[in-house]
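These come from TrEMBL:
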type: TRANSMEM; residues: 12-32; note: transmembrane segment
type: TRANSMEM; residues: 68-88; note: transmembrane segment
type: TRANSMEM; residues: 100-120; note: transmembrane segment
type: TRANSMEM; residues: 126-146; note: transmembrane segment
type: TRANSMEM; residues: 167-187; note: transmembrane segment
type: TRANSMEM; residues: 207-228; note: transmembrane segment
type: TRANSMEM; residues: 235-254; note: transmembrane segment
type: TRANSMEM; residues: 260-282; note: transmembrane segment
Amino acid sequence: MDQLNLTWLRRWAVASLVANMAIVWTGALVRLTKSGLGCATWPQCQPGSYVPRPEDGLHGLIEFGNRTLTFVLAAIALGMFITAYRAWKAGAVTERMPVLAFGVGLGIIAQAVIGGVSVLMQLNPWVVGLHMVVSMALILMCVVLVRDAYGLRPVPVPNRLVTLTTVVFWLGMVVVALGVVVTGAGPHAGDGAAQRNGLSAEWTAKIHAWAVWAIVALTLLGLWWAWAQPRARRLWLGLLAVILLQGVIGYVQYFTHLPMGMVFAHMVGTTLFAAALGHLYFRTVPDAPAWYRPARDVHLHAS
């Protein structure tokens, strides 16, 4: 594969990751500005019109703008798939890359449908929460695309650290899911008339915080076990930095009664957390036993 095509493969992979993170940020903006029903129906914006009307005001423009970004994501997904498919046919990448790129494209279509259903159901918090869960899955898939596009080598570690990595990854998914539940119980519903999930915002926030403290403790343990291995140590340090940043933002937003700016920052942090978690999980592999290790390093990819 020539350098020009490799460069484009990497650009599309990074664009896919950034775009699927950014759609979470714009979705948060829709919710925080109470613009979730700025377009009252779907797939049209208003009955008889696919675009907002002047009387829809700023809320209509914000919601319509967020919907329009779906087409940007779809175009990026198409570019990623075509480039990955050509790279696979040229023997430069494994079949996994075009399959993942195709999966991201399908996920974006699914997201458009879920978003439409959420509008038709007047921003049901569980449907809106599913929107977020699918976004996290897409971000994780894009992390793998970036890893493969840059040829990042696996990081071999002892089995106990592999096990801990798996536990931290799935606990991280639980933390995200609990965050979705907290959001569904909180005040930022996306529209003043939208229903909430009926759970206690205070208690769901506390349970969410306990899960975060658990992942902080396990991440510190992982960093301790990985300290002697520079590549593994960098992965754990990156995750710890994001978790601590998210924790600070989370506590500040809680004790300042959820101001819009802090909630938005927390949503940005959630996407960074998912990316850092995926980067750790998808690069960590079991270390080969001493008798199985090759006499020399034959890897040609970048570290």
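Just so you know, glycine gets a Cβ as well, placed from its N, Cα and C.
Nonlocal intrachain contacts for the transmembrane segment (235-254), taken as residues 6+ away from its ends with a CB within less than 8 angstroms of a stretch CB, comprise 155, 168, 205, 209, 212, 215-216, 219-220, 222-223, 226, 262-263, 265-266, 269-270, 272-273, 276-277, 279-280, 283-284.
Among the listed stretches 12-32, 167-187, 260-282, the one sharing the most Cβ pairs under 8 Å with the transmembrane segment (100-120) is 12-32. Below 8 A, the CB atoms of the transmembrane segment (12-32) and the transmembrane segment (260-282) form 3+ pairs separated by six or more positions in the chain. Proximity of distant same-chain residues to the transmembrane segment (68-88), defined by a Cβ-Cβ separation under 8 Å and at least 6 residues beyond the stretch ends, is recorded for 1, 5-6, 8-9, 12-13, 15-16, 19-20, 22-23, 26, 94-95, 97-98, 100-102, 104-105, 108-109, 111-112, 115, 145.
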